[in-house]
Protein chains: 2
Amino acid sequence: MTDPKQERSRATRQRLLETTIRCLAEHGWEVSTVGFIAAEAGISRGAVQHHFRTREALILGALEHMFEERAALLDALPDPESGPDRIHTVVTGLVEAIGGELFRAALQVWTVAAADPELRSAVVPLERRFARGVHRRAVRLLRVNDSDPEMRGLIQATLDLARGLALADVLTDDSHRRARVVRAWSTQLAAALAAAGAAPSR
Amino acid sequence: MTDPKQERSRATRQRLLETTIRCLAEHGWEVSTVGFIAAEAGISRGAVQHHFRTREALILGALEHMFEERAALLDALPDPESGPDRIHTVVTGLVEAIGGELFRAALQVWTVAAADPELRSAVVPLERRFARGVHRRAVRLLRVNDSDPEMRGLIQATLDLARGLALADVLTDDSHRRARVVRAWSTQLAAALAAAGAAPSR
């Protein structure tokens with residue numbers, strides 16, 4: 001049986017991390033102090049400090065949590081049957097999982113880290129690990145041979161495109177334009193994957 | 001003849017805008033106050049306020065200046081002769097012009113604007129105008145038929161990819177990976193443009 005006190009503590013930690021992500025995405029870095037996040041989560045500052053001793057620890061914990069959420073989104077994507085629209089469905093799923101609130105929250109952290117060497121040195125190893133996890137999932141979903149450097153480059157390009165599209169959605173609702181861009185990209189990617197599949201010894 | 005006083009005033013304004021961009025890119029939003037930028041530029045606060053009455057006006061002026069700088073970079077790109085590497089050369093030039101210090105400075109403004117409706121409403125119309133200018137230049141450089149929706153989607157995808165690559169370069173030097181991604185995408189884009197050129201009635 002789970003200790004009810006441990007269970008409560010885990011639920012508090014979870015609520016705190018989700019509130020941190022929402023606060024960063026909606027209110028930005030400057031507003032998202034420990035005091036503001038604690039109040040938004042309905043948790044005392046003391047309880048916050050029990051879980052995370054410093055603001056930096058809370059922010060890094062939230063980044064880790066964002067990645068777990070995104071990984072869960074990617075793992076939950078349906079694996080469509082082969083067919084002309086398979087690549088389009090997968091790319092749409094990747095773009096949705098990489099963008100949205102998780103992206104907007106992470107953007108706040110990256111942007112501050114860009115001009116803050118201490119935060120940057122804490123964020124970079126996390127980001128490397130996250131990037132590997134997303135890449136691995138994209139390879140699985142797209143069913144490509146990742147040892148082919150050209151295919152590897154196209155997977156990376158697709159993930160860079162997804163981040164560029166997420167950025168374009170930060171100031172305005174870009175969903176209509178994004179759907180067209182994803183469609184155009186998917187058509188090219190499907191052609192490239194078909195050509196690589198047809199010439200595996202290449 | 002130019003009035004020497006006007007000339008000096010213009011040079012001061014120029015130095016102020018360039019310093020604002022450098023400060024945003026290197027030190028970030030929070031540090032880049034009017035006082036900090038004035039000190040970095042060696043200009044009195046009074047002189048800054050003569051040119052820009054508020055911090056917001058200075059930041060928006062710097063955004064406009066960033067776009068003019070980027071447009072100048074794009075207009076100065078060599079227009080390579082036809083050949084197998086033409087698209088690769090153009091895409092590399094686009095990616096370089098969209099990234100770098102101008103991107104890092106703009107990222108600071110976008111990220112704050114994402115959580116600040118007042119700043120956002122000032123930034124969005126500027127960004128729309130900038131995006132149109134960059135798109136027009138990309139169409140010219142790539143020599144594509146922009147009225148073909150599929151081609152238009154591929155141009156936009158290329159520019160979104162460029163922004164995604166610029167973002168990936170903010171925390172670490174991503175130049176080696178970026179070169180491979182640009183190569184992989186350029187190969188696809190060249191094939192798509194060749195196919196569209198071979199079937200113009202499509």
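If you go along the chain as it appears here, the first residue is 1 and each next one adds 1.
Even glycines carry a Cβ here, placed using N, Cα and C.
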Residues flagged as DNA-binding region in TrEMBL, choosing from A:33-52, A:113-132, A:173-192
A:33-52
Across the DNA-binding region (A:33-52), what does the pLDDT come to on average, as a whole number?
96
Grouping DSSP H, G, I as helix and E, B as strand, the residues of the DNA-binding region (A:33-52) number 15 helix, 0 strand, 5 coil
